[in-house]
Amino acid sequence: MMQDLRLILIIVGAIAIIALLVHGFWTSRKERSSMFRDRPLKRMKSRDDESENDDFDDNVEGVGEVRVHPVTHAPHGAHGEHEAPRQSPQHQYQPPYERQMQQPARPEEPVRQPPQPPRQAPVPPQQQPAPHAAPQPGWQQPQPAQPPVQPQHQPQPVVQQPVAPQPVTPTVAQPQPAAPQQPAPQPVAASQPAVAEPQPVEPQQPAAPQPKERKETVIVMNVAAHHGAQLNGEVLINSIQQAGFKFGEMNIFHRHLSPDGSGPVLFSLANMVKPGTFNPDSMADMMTPGVTIFMQVPSYGDELQNFKLMLQSAQYIADEVGGVVLDDQRRMMTPQKLREYQDRIREVKDANA
């Protein structure tokens, strides 16, 4: 119970601390937002004060200009044409209207654009810098009278232009030596067949040796009678048939995948005496020192499982006829020899994988 109370107190304390922290952050942000809201009001007030001061200054300047303009009218009657361009201050009488609205002060700027007419005044001196005025033929229509003056100056550079084609003539002579160089690549084509001779060396396809690398082996074991004895043919043929062997090709017995004699051959059984064949009709009267069981690897299915079935068949026949199981050298079968057979089978499987 005490532990539960401690856990509850710890959880409640943690929740209270988190609530205090959240409340503190919320209040601080609220204060900051109120401070930022007050600032734009102060800025607006300061801007309003500045705008009022500017209006007052503009009004003062407008009054001053009115006093100056009557002084300019006196020289205007005295000097005449020399002071004609000074008429621009007449447009400055508009500042009194700025007291009511400051926006008409801006349209005064386009009124100052009449300096464009003085650009047309230099039209008479353009006759001398006619070459410079050439890029602006579209603006000056009276230039058709000037073209007869320009051809007098242009024939001089025209005389220099025929000098330029003179260096072009030697360039035409250069391709002539290039023509004898073109037959040079022809002997190169003749040298290419010499290089093509080693090409027949490239078709080296060692694909043929790959099937030769396929390893094969034959596992052999014997079922023989004891020293100085022989196996009875009638008992032997009965044990062979009970082991699942069927008489077939090459006049020997074969163990098929299925005991009824169907399917691929797993291993075979032959007579130990040459030529190694059997005669089923006279086999009951036959006597033999033993039989040989052999399996070719690789074979159908799992070779290790086929080897176990082969060993079981040999032991069954040996028990039925009263013989022993021997290895390929006709020695007693040992566990070491069996492992050797299995290693040979694995080696062939790995090589052919």
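Just so you know, glycine gets a Cβ as well, placed from its N, Cα and C.
Swiss-Prot annotations:
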- 49-60: compositional bias 'Acidic residues' (COMPBIAS)
- 112-134: compositional bias 'Pro residues' (COMPBIAS)
- 151-163: compositional bias 'Low complexity' (COMPBIAS)
- 177-186: compositional bias 'Pro residues' (COMPBIAS)
- 187-199: compositional bias 'Low complexity' (COMPBIAS)
- 200-209: compositional bias 'Pro residues' (COMPBIAS)
- 42-214: region 'Disordered' (REGION)
- 1-6: topological domain 'Periplasmic' (TOPO_DOM)
- 28-353: topological domain 'Cytoplasmic' (TOPO_DOM)
- 7-27: transmembrane segment (TRANSMEM)
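If you average pLDDT over the topological domain 'Cytoplasmic' (28-353) in this model, you get 67. Break the topological domain 'Periplasmic' (1-6) down by DSSP state and the numbers are 5 helix, 0 strand, 1 coil.
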